[in-house]
Every structure is written in structure tokens, then in C-alpha cells.
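Just below is one structure, and these are the notes that go with it.
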Amino acid sequence: DGNSLPVSTFVPGGRVPLGTSQYEKRGIAINVPKVDMDLCTQCNKCSLICPHAAVRPFLLTQQELNSAPKDFKEGSRAAIGGGVLDNYQYRIQVSPWDCTGCELCVRICPADALKLADAGKVIEEEEANWNFAVTLPDRGDEIDKTTVKGSQFQKPYLEFSGACEGCGETPHVKLMTQLFGERLVIANATGCSSIWGGSNPSFPYTVNAKGEGPAWANSLFEDNAEFGFGMRKAFKQRRDYLANQVEDALGDKEVTMSDDLRTALQQYLVMRKENMHDLLLPRGRSIYHQIMEKLVPLLEKEKGSHAKIKQLYELEDMFGRSSFWIVGGDGWAYDIGYGGLDHVIASEEHVNILVLDTEMYSNTGGQASKATPKGAMAKFAEGGKLTQKKDLGQLAMTYKNVPRWQRVAAIATASAKTNGTLFQIRQMSSPAIWQPVSDHIVSDHML
């Protein structure tokens, strides 16, 4: 009935609703994993590697467990790991309708706790369990997100995308959303990641209970680096303006405000003046985000006291600090968009770059790119590519405005270093590239 919808049904300005992929329930898998919780070591690697966020760990209290479906209750175990986890029950739950049957979770599990079973049978047994699990409160704020295990208790803001089964791109972007999702801004180059990331009407980026989530926009192959760079420059300009307005309000004796508001504004101004990019609080939280959560209700309460307080309230979204990421594949980063990417890397602007290096043009059928290794066969290189792979990392590191170790991180998704590297990138004051290990180079030690 889509053809009968009037224009007035849609939101103007090119905006689309978030999280619509959760309603698709494609059920395309022949076989779906089942979890033996008696074998599970609670490492959460199955969740980390799942390309579609269809395998997740859940924490619940004993009271919540009492109201769970029988099978869910019988399959839950006391959470291990100490600290806050001692207060909860734990269960790995699969969404049988959203799983694509890629087997990655089965292969990465160190304890062989996941086994494939007939999808029809698993749907019958697990659908009610999944429906119950997603109603549980999000307890990510209680867990240290800087660890591999802890990151998977964070809500994935990328779920149930239309990516191919076993996709090697989505786990990296999904992890990025789990670490920075409520303040993430993505400039996405055309390619695979723009197709699975923004194909109407099924949109996989979603929001939390507060309505917070990634802001995503797509641009062309040839200008995405500049597109994301412009986003960051505009945001910086608006934050500089906000800092000036805060300073003006604090210095104006006619502006009356509570001691709590004055203290919070002074704290923000100190952070800005000392150019503190993003101090991380315990468990990987952003101090800017914490200041914003403190300021917004105070500004809302006191906005009627003076025009300058009202103006600060209207700029409330600028108190937090967004995490800007320029995302694209090797066709963009190595080939068509390299000129713009080089320009952005040469700048000293704080942008982060994620290169999803599949070593070919995946979206258009597997043509060779400058990221294709020498000798590799691909379309347009049927006899093997004649030239060696361009070393994007070495080219990036020719710019000396930051130390070499800050420049480039080429890492596997399941590596224990992944989370730490992302947080290091997040705190840098200049361009940084994250180039995950290619889809086509997956060895046993990575899993």
C-alpha cells in the first residue's frame, strides 16, 4: 500500500524514523544457534562478533527472572565477574527471526556453547524468550564498557541491518555505537555501509529509552571525507559560540542563577578553556556528557529568570561532546575519495576515520581497488592484481602533527585491544584512522 501514502505522511527534510529494522523479522536463516548455558563462560564474544546484533547478553534481577518464561528462567545462570555483576542473573539470548545463520558466534565461542539447530524449531522455542529479553532494563551504565565483555552489555545502536550474513563490516560499526552511540555522528560514504546502514524503510540505527542515538548521513564516494570534516568544523564553531555565551552569562552581574547552575557552567567553561577534549570517567563515560545531563534540567528550570539563561537553554545540545566519525570502504578511502581523505588527515581537526577495508569494491560486485593485494583475483583483475596494495597507514603517518602511534590502528574485532584503541582514538586532538582487519583475512588467532 506504499503507493497510496500521501506526501504529508512523511517527515520533511530527508529525515527518517530510527530503529525500523526491528520490525522486519525476515527469518531468512535455515539454521539458528542455540546456547548451552551450562557450557557458556560469559565472555560475550558471540555478541561482539554477531554482524546483526541478534545474539546478546542480558542481565536481570531475581525478581525479573521470576516473571520470565519458563525456558528463559531455566537457561539463566548467576552472572560471573564480580562487582556489580554479582547482583544479577545472566543469559545469552538469540533473536531467531533476526539471525541470518552465519555461524560466526558458533565459531568464535571458546567453549562450544553454541550449536546450530533448525530455524523453525528454534523460533518456536526462543521467540518468546527474545520478546521478554528486550523488555528488560538496559544496565549498560553500571558496567565498564572499556572491556570486551563490558562493551557487550551496552545497547547496540546498530541492529538487524540488511547486511549479508557473516558481514565483516557491521561488527565494527556496531561496537562503535556501543561505545559512543548516544553521542555519535557518522558521515557515511556511499558503498556497502551506506546500503545496509540507510536503506528505507528498514533503518538499522536506533535510539535508547531517552531518544538518544547516532546521527547518520550519507554522502558521495568523492566527497565524504570533506562532508564529515565540515560537520565537525560546524559543530566546533557552535561550541565555541556556546562557550562565549556561557562566559558572558557568568560575568554579567544582572544574570541571577542558582549556585548549582553557576558551578556546573563554571565546570564546563574550565573544560573548554583548558581544551580538554574528552576526559573519560570510570567505566568509559564522557565527562562532557555527564556535565550536560547535570546542566539541562537546571537550565530548563531557570530559563525564565533571564534572556541569557534562556539562550543557553536553547543551545543545550552543544554542552555534550559528540564523537565524529567518517566511515567508508576501501573503494572510497583508497580510490575515489582519497584526495579528500588526504586533505582531512593533513588537517589538525579532531575527526575519526573508520575504513572498512574489504580489499575490493564489495557493493558493486567485487571489483579490484587499490586496497586489493598483489596477486589477488577480483573482477577487473581476473589474472591476479598486478600492483601491490596501497599502504594507507604509511601514507597517513607521513603527517607529523601527532605521534605515530596515535595515527593508525589496524585491529581485529575480537581483539582485546579493540576497545582500548577506540577510546584512545576518541580522546585524540587530531585526525585518527581505525582500519579494521579485512573481511578476507580471518585466521584462527583472531577468533
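Every residue, even glycine, has its Cβ placed from backbone N, Cα and C.
Keep in mind that TrEMBL annotations are predicted by a computer and have not been checked by a curator.
What TrEMBL records for this protein:
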DOMAIN    31-60  domain '4Fe-4S ferredoxin-type'
DOMAIN    90-119  domain '4Fe-4S ferredoxin-type'
In terms of Cβ proximity under 8 Å, which residues at least six beyond the ends of the domain '4Fe-4S ferredoxin-type' (90-119) contact it?
24-37, 39-43, 45-60, 72, 75-80, 126-127, 129-130, 133, 159-160, 164-167, 414, 447
Across the domain '4Fe-4S ferredoxin-type' (31-60), what are the DSSP residue counts per state (helix, strand, coil)?
5 helix, 11 strand, 14 coil
Over the span of the domain '4Fe-4S ferredoxin-type' (31-60), how high is the average pLDDT in this prediction?
96
With DSSP as the reference, give the number of residues of the domain '4Fe-4S ferredoxin-type' (90-119) in helix, strand and coil.
6 helix, 10 strand, 14 coil
